[in-house]
Amino acid sequence: MEILAPLFLQAGYNTALVTIGAALLGASAGAIGSFVLLRKRALVSDAISHATLPGLALAFIAMVWLTGEGRSLPGLMLGSALTAGLGLLAVDWLTRRTRLAEDAAIGAVLSVFFGFGVVLMTVIQTLNTGEQAGLAGYLLGSTAGMLRSEAELIAVAAGVTGAAIFALRRPFTLVCFDPEYAGGRGYPTGRVDLALMGLLLAVTVIGLKVAGLVLIVALTITPPVTARLWTDRPGQMVVIAALLGAAAAWIGTAISASGEGLPTGALIVLVAFALFVISLLLSPKRGLLAGLIRQRRFQTLVHERQGLLAILRNEPIYDSLTLRRLKARGWLRADGQVTPEGLSAARRAEADAARWQLYRQSHPAEAELLSGRMMEPMARVLPPDLLAELDSRLALAAAKRGEAL
Amino acid sequence: MNPFLQLTLTPMLIGVLAACACALPGNFLLLRRQSLIGDAISHVALPGIVAAYLLTGTLSATAMFLGATGAALLAVALIELVRRLGRVEPGAAMGVVFTTLFALGVLMLEQSASRNLHLDVEHALYGNLESLIWLEGTSWSALLDPAALAGMPPQIFRLALVLAGLALFTVTFWRELMIGTFDPSFAQSIGARPRLFNIALVGLVAIAAVASFDAVGSIIVIAMFICPPAAARLMTDRLSRQIWWSMGFASASAILGYVLAGYGPMWFGSPHSVSAAGMIATVSGVILAGTALFGPRRRQNLAA
């Protein structure tokens, strides 16, 4: 297959370099995106990425004026970083100084900056330099025909950004979870936030050429959201998001290099979404499949418990699933007679049910958290000392009932 | 010959109608902190239109409208699904969904490019306001001539209809919309069905976005959903006044933006005009910046 060559870096030096650069970019974007997601500011990167357009166009115009040639990647990156920074400041200023909420500020900045960028793009079209087509790639991302120097710049810049994120992981984590505590520990919260947004901006600007400014935001959102499905721990989440981002960028770039009409940015985003869907189905913690299995197991346990309690009360059992489970566990013989194991299991079930009821009265909040395991043997769910306490209280209550009689 | 009627009146009018159609529901989105729904919906209109084209093989207005509306509804459902199943904040869920659908649209477009599709991503983003001219408008009397009026771009009638429908909905269900916006739980308790109106509002946003999208491109749609209502919010505390302000700001952005795009470059000695869509968005941003600096209600209500 033609996709295999680029996937395993066998499609020429340039394609391999671009693929590695994209993967490094994906890793940095996933990592910084995780912190931004935890800070609940995921869509800020949408404002940043759209705000790059006027800077891109201005840098192009300036370079054409000065040198006659406008497509130098470092110059375009610098220009887009400038207006993206302005956009970021504008979002911050609107949120802090007026009563507008952050989502409105994000939307206003992204549409206005992008609109002004479009105005400048039409100015460029009238310059007749014949090379404005080079800018179109920045809108939707294109690695086709990328120069070796450009690929090297993207790879190195993405690597440096990743290293900076790694170096700052501790303050980022603290500020994301507990800004006040972080402030108390002596971390300058404002400056840590600034560094977070600065690195997000850097990733966005570096990724423009690969993913395009409309779609780069996906690289900072989708992998972190996917990683969230696999873990509850922030440290792990950042690592998983970086791996997912790198994988999406690697595979997407490889597919894009394998044929015509396969835009890089779109493919990276679609691969990232595919990884999200797979995780949503299969993740052991929050996956749909795992949830379905847990629900089935719980249902089975409820049927077993109800069957055992019915045996103790000498009630007839009609439900076919209950009968099947009791027979499968060896608690009922084929002719419907209760086995000795069945009787002792029924006594245990009755005791567990009583323990659970008492536990729910004495520790309602904890019981709520453990309610998914209420059908399991209590000895497996609760620690031994708590179990002993519950049992002694149940015995006391039983003794009191005996006296009353 | 009358260059104003032929070349300027219809695009300007279409710009004003589109801006008002987006700004009207935008007021409610702003107060409900759902402003970015408009952003998401206008991005997913692209895959909807491409899918409609691939299915029907035509670029008829009906097919495009149905495709874009379907994509918008699909996007809203997917956002809700991702938010619930992935347990993430609405903003992140929106980011996942609209980028994916937009990427799908781009891919479909690139894959079908060989089939001579008169539709490209830039057109979807920037729109084509300048081309919506009225050649029959040779003199002022043409405004009263049915035959000449029929030659107007169809977008003008479509947008007028959509704007009228939106206004009718807003006036008819004013109480429900207002209570549902400011106090959803109270609205629930008195049977004002806030969830139903929330869905209806999103549906109207989709219709406004799709109807404007075809004429003016997605970038103005997003700007008009957010900027005029946001600027109006900094002018007044009353919702009804806010809506009037936003209509005024939207119309001013459209007219000023169109004029500046057409004639502005001439003042700098350039014979070429610039993108009207981009200029309209820019003007709305300048208006917002002005109200953010000087609007009488720009701060939080500290006294209240």
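Note: Cβ is positioned from N, Cα and C throughout, glycine not excepted.
Pulled from TrEMBL:
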TRANSMEM  A:16-38  transmembrane segment
TRANSMEM  A:50-67  transmembrane segment
TRANSMEM  A:73-94  transmembrane segment
TRANSMEM  A:106-127  transmembrane segment
TRANSMEM  A:194-222  transmembrane segment
TRANSMEM  A:234-255  transmembrane segment
TRANSMEM  A:261-282  transmembrane segment
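By the Cβ criterion (under 8 Å, sequence separation of 6 or more), the transmembrane segment (A:106-127) is not in contact with the transmembrane segment (A:234-255), since fewer than 3 such pairs are found. The stretch with the most CB contacts under 8 Å to the transmembrane segment (A:234-255), chosen from A:16-38, A:73-94, A:194-222, A:261-282, is A:16-38. Sequence-distant contacts of the transmembrane segment (A:261-282) (same chain, at least 6 residues past either end, Cβ-Cβ under 8 Å): 22, 26, 140-144, 210-212, 214-216, 218-219, 222-223, 225-226, 229-230, 244-245, 247-249, 251-253, 255, 288-290.
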